[in-house]
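Taken from TrEMBL, the feature signal peptide applies to 1-21. Feature annotation from TrEMBL assigns transmembrane segment to 218-240, 283-308, 320-343, 355-379, 385-407, 442-464, 476-502, 514-533, 545-568.
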Amino acid sequence: MCRARLLFHFLALSLLPFARPDEHTHIYEDNDEVVLWMSTVGPYHNRQETYSYYSLPFCMGTKDVINHYHETFSEALQGIELKFSGLEIEFKADIAKMDYCQIKLTEESEKAFIYAVKNQYWYKMYMDDLPIWGVVGEPEENNGVVSYYIWTHKKFDIGYNGKQIVDVNLTSENKVKLVQDAAISFSYEVNWKKSNVKFEDRFDKYLDPNFFQHRIHWFSIFNSFMMVIFLVGLVSMILMRTLRKDYARYSRDEEMDDMERDLGDEYGWKQVHGDVFRPASHAMLFSALIGAGYQVTVVVLSVIIFAILGEPYTERGSMLSIAIFVYAATSPINGYAGGGLYARMGGRIWIKQMILSAFMLPLIVCGTAFFINFIAMYYHASRAIPFGSMETVTCICIFVILPLTLVGTILGRNLAGTPDAPCRVNAVPRPIPEKKWFMEPLVIIMLGGILPFGSIFIEMYFIFTSFWAYKIYYVYGFMLLVFVILMIVTVCVTIVCTYFLLNAEDYRWQWTSFLSAASTAGYVYIYSFYYFFFKTKMYGLFQTAFYFGYMALFSLALGIMCGTVGYVGTNAFVRKIYSTVKID
Ligand SMILES: *[C@@H]1O[C@H](CO)[C@@H](O)[C@H](O)[C@H]1NC(C)=O
């Protein structure tokens with residue numbers, strides 16, 4: 001059932017996140033074996049659409065035994081499969097140009113290659129953890145006739161510093177035209193050169209400081225920071241006004257200045273004290289969302305901090321491993337927050353709530369991935385659904401996430417499950433009065449996301465570009481700053497929104513606060529349309545589905561996170577202001 005090996009990897013990962021069985025020392029003696037791993041191949045315009053290198057009819061070298069293999073769980077999940085190239089490479093031993101294999105182009109393999117060349121396929125290889133990219137081939141036009149060529153010679157220039165590999169350059173040479181029944185030989189050549197690059201700096205050449213200009217980041221952060229100051233000021237003013245109990249009652253009519261008029265009727269919110277702590281509608285879904293939101297927030301924060309401390313781009317797939325590990329490990333938080341909230345709202349069907357909480361996100365993520373894989377299979381027969389990975393994910397859900405969520409839920413219901421609202425809830429719900437259109441929850445929800453989105457959209461551009469194009473994201477310090485700013489802005493905006501809503505004597509603030517914060521993600525999703533049409537060159541049903549599917553997942557996670565943070569902040573605010581209300 002469960003693929004024991006993958007599960008084992010997962011467990012090993014949880015015990016020793018940084019240990020790797022091989023290539024981990026990066027120290028080579030003269031003539032030690034150096035392994036060239038063939039990884040993936042895929043269109044240049046979508047970095048995330050990748051297939052196994054040997055899904056194209058390339059051939060392998062002659063060497064068939066190597067001393068070590070490796071595969072980590074997250075690589076398997078991402079569809080990165082490392083296959084040994086069969087090329088003989090030894091440390092500091094030059095190899096002159098040499099044929100290593102030959103293929104005969106059948107009709108089918110010719111078609112596959114032409115498809116790849118037409119779509120600007122690139123392939124990726126790894127040597128000593130350094131990624132190497134190469135082009136499959138290129139089209140050439142001659143008198144209006146397009147013919148397709150494939151590169152057959154790989155020239156490796158490998159730089160070494162002492163006993164370590166610090167630089168690899170690949171040059172593709174020797175174009176051969178793709179015609180049916182041609183015999184194509186592939187050759188390679190290795191030149192070792194002394195290099196002065198330090199081992200610690202060997203990844204620097206993959207980073208692009210011109211693209212990730214610090215100036216832009218600082219500018220964006222400065223902008224958002226101004227917004228934060230303004231919003232925090234606004235919220236403290238609201239708090240001061242509401243907590244300054246009776247003063248305004250006496251001086252109300254005479255001294256109501258413009259600002260007060262704008263902020264609405266002072267006493268509107270007090271009228272709904274008997275309803276404001278009425279449980280949210282759809283309490284089960286609501287508490288499941290809040291539980292999941294706590295979990296996602298912790299995962300995002302941990303991953304960013306991990307990325308600042310380590311340099312994740314030097315390790316294949318380590319970010320995803322950490323994210324999955326932290327996600328599984330923080331399931332009790334989900335259970336505790338969701339279960340506790342559900343119990344406080346008087347929910348009784350807690351097992352159903354817990355299952356919803358535990359499986360909602362994994363199911364949506366897997367469902368989307370499955371759907372996209374399905375389209376992929378339809379378009380390219382080569383891509384198979386990674387069933388092994390699916391099994392592993394299922395196993396993790398059932399044997400790790402579910403029990404941990406159960407523990408969290410039980411703790412949450414017992415420790416944090418007693419209703420503790422500062423005001424009693426009236427037996428009969430108060431009718432919600434008519435109000436102006438811009439006080440309707442739907443309008444508030446839609447407006448709520450604008451400012452939080454404004455504080456992150458510049459960073460979003462960099463994040464999108466590093467995800468979809470060939471840029472490596474490395475300015476995680478900025479990401480952390482932006483994350484913190486986003487949280488503050490979200491909380492402030494949600495509090496202001498809720499204050500307006502309550503002043504309009506509408507007590508349905510739980511969903512409104514959650515959704516008005518979550519609508520940030522709606523704007524991010526809209527922004528992703530702009531990004532798709534103006535910044536990427538993806539096309540076709542498959543790439544479109546791929547892009548929008550994964551962007552929807554990203555936005556959903558962001559929405560749940562912002563929504564939860566907004567709700568939690570607002571909840572504190574609402575409790576604070578109503579704790580001062582004296583009920584006559
Ligand atoms: C690889 O290419 C870069 C840029 O062209 C060059 O500076 C470097 O010396 C090359 N490395 C090797 C080992 O040839």
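Each residue, glycine too, has its Cβ placed from N, Cα and C.
Only residues 6 or more beyond the boundaries of the transmembrane segment (442-464), in the same chain, are considered here, and those with a CB under 8 A from a CB of the stretch are 211-212, 216-217, 219-220, 223-224, 227-228, 231, 471, 473, 475, 478-479, 482, 485-486, 489-490, 493-494, 497, 500-501, 512, 515-524, 527-528, 531, 535, 562, 566. Among residues of the same chain six or more beyond the transmembrane segment (476-502), those with a C-beta under 8 A of the stretch's C-beta atoms are 217, 220-221, 224-225, 227-228, 231-232, 234-235, 238, 242, 263-264, 268-269, 272, 276, 300-301, 304-305, 307-308, 439, 441, 444, 447-448, 451-452, 455-456, 459, 463, 508-509, 512-513, 516-517, 520, 562, 565-570, 573-574.
Highest Cβ pair count under 8 Å relative to the transmembrane segment (545-568), across stretches 320-343, 355-379, 514-533: 514-533. With a cut-off of 8 Å between Cβ atoms, the residues of this chain six or more beyond the transmembrane segment (355-379) that come close are 284-285, 287-289, 291-292, 295-296, 331, 334-335, 338-339, 385, 390, 393, 397, 401-402, 405, 409, 540-542, 545-546, 549-550, 552-553, 556-557, 560.
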